[in-house]
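What TrEMBL says about this protein:
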type     : residues  : note
TRANSMEM : B:72-88   : transmembrane segment
DOMAIN   : B:106-226 : domain 'Na+/H+ antiporter MnhB subunit-related protein'
TRANSMEM : B:108-129 : transmembrane segment
TRANSMEM : B:135-154 : transmembrane segment
TRANSMEM : B:175-196 : transmembrane segment
TRANSMEM : B:208-230 : transmembrane segment
REGION   : B:240-266 : region 'Disordered'
COMPBIAS : B:250-266 : compositional bias 'Basic and acidic residues'
Amino acid sequence: MTAVLEVLLWWAALTGLWLVLISTVDPLELLVGSASALAAALLARVGRRAVADR
Amino acid sequence: MSPRVRLWVFLVGAAGFAALFAAACLDLPAFGTVPHPYGVRAVHAALSHHTANVIASVNFDLRAFDTLGEESILFSAVIGTVVLLRQARDEHRKDPEPATVHPPVRRFALLTLPFALLVGLYVIAHGQISPGGGFQGGVVAATALHLLYIAADYRALERVRPLTLYEIGEAAGEAAYVITGLAAVLAGSAFLANVLPFGTLATLSSGGTAMVLNAAVGLEVTSGIVVLLARFLDQAVEIEEPGEGGGSPRDTRDSGGNGDDERERA
Amino acid sequence: MSTSDGWLAAALVPLLALVPVLWRIAYGSPGDRLIGQNLTSLLAGLVLLLAAQGFHRTSYNDVALVVSVLGPTGTLIYARFLDVLPDSRLVRWTALVGVPATVLPLCVATGPGRAMAKLLLIGVLLIAGSVVTSGRGAREGVTA
Amino acid sequence: MTDVLIVVALLLVAGAATAAVLNRDPMRQALVLSFLGLALALLFTFLQAPDVALSQLAVGSAVTPLMILLTVRKVRRRPGSGDGVDKPAGRER
């Protein structure tokens, strides 16, 4: 449960960041942005776990 | 050849080069003034294919075949490294030692990690719109992963880095480039011709095949750099030679020291 | 192509500040060299931001964005291998004074909007990166 | 004004490249090389080539230093090989 929440929080923050980086918003941009943000959010979670329990 | 003779050979060569170089420089067009005819045509071609970033248009559309060559150079360079830096039969692997990292540094690295990956993906995705592209973004994304090595140690990095996947990714990126080129042939045009609809200028879907090829390069470079660094990390952190410190040096390992040795002998 | 000479002249300030930094990197002690490396990426980020405004090309800010992410990464890589991460008041104050002094005028010139948010983001990343990599007590031994 | 920036950046590049040659310890060279990379990135940006600047930055700021430092570590771990590579102090001029 905490895992889902953590990824979700990261995803929301990173999608917001993507919206800051781009210049024009359109549906495709949103799709690519949220997919990239999801990948980065998953990496954030996996990375934190890998460092925490070595 | 004695050092003295060598110096004279160098001086003669350098003097000749200096003369020719100066003569060539005198014939150059004035600095930053005359618009080059190729530049004008490249900008025109890029805009006619709805690619906002002219450099991306040159790389992935006008000269897509050149870029295929460049991509293959990186591809084969990575393969060469993998072969040279493999674990030899007389070497053994030891577990990397855990590292203690200052907590603020660890927190900072862990927080930067997703940001760096997102910036890398952003640079890849917007290659045909703004400066950047598959290569630049790919390197940033690959660097992002190695922030884990900074945040903790090699063990942490190994846990989140399925190397086989990255090896597949590298090959898939290279293959996707060639397949896109061949698809253009099947569509009745030339190899790597831009056959897709061009889309609206300055959106993610613009540029036709330039967009696809850019993504393929992004995949190849990201995976390639990860594989490349993995080999270097393995050698520096994990692999030990028999009787390290006195064992017979092997040719492939000496690349780092060769330059120095030659200088010393010189 | 039109350029704004005022912004480009401002870019000259951090650019010229790189000259003594190069000297320290080439001839300083290990700690000094690392501080120099840290300072270089910070100053380069500022130069890039000012140059982007001077050339009227907001897309050039992407270069500064990449510097703000990769600069501290590079510093931490060196810190890992040289086994030092020196506490540096110089870097900290350059970041805390120089970055707002650069980014805030740029924000005023840009006006509210997405571009301004991006500028602020780059500024925050530059400050955070410099402060963490020059923090007090960060010299604790690191091994690999 | 652009010309002034270009001249300063060119001088920085020339200075950094010379310093990289004059330094003999690989660790020092790596740091000077990082500086050279950033100076080059600035020069490319002043010459209106941000794509090239980005390439230089991406490669020069983290990946190249990491590769150099890992190689140096590997070589230094083997005192028997590469005569004197592990004695940087004596190699400076």
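The count begins at 1 with the first shown residue.
A Cβ is built for glycine as well, from the same backbone N, Cα and C atoms used for every other residue.
The transmembrane segment (B:108-129) and the transmembrane segment (B:175-196) are not in contact, since fewer than 3 Cβ pairs between them lie under 8 Å (pairs 6 or more apart in sequence). The domain 'Na+/H+ antiporter MnhB subunit-related protein' (B:106-226): residue composition by secondary structure is 85 helix, 0 strand, 36 coil, according to DSSP. Computed over the domain 'Na+/H+ antiporter MnhB subunit-related protein' (B:106-226), the whole-number mean pLDDT of the model equals 91.
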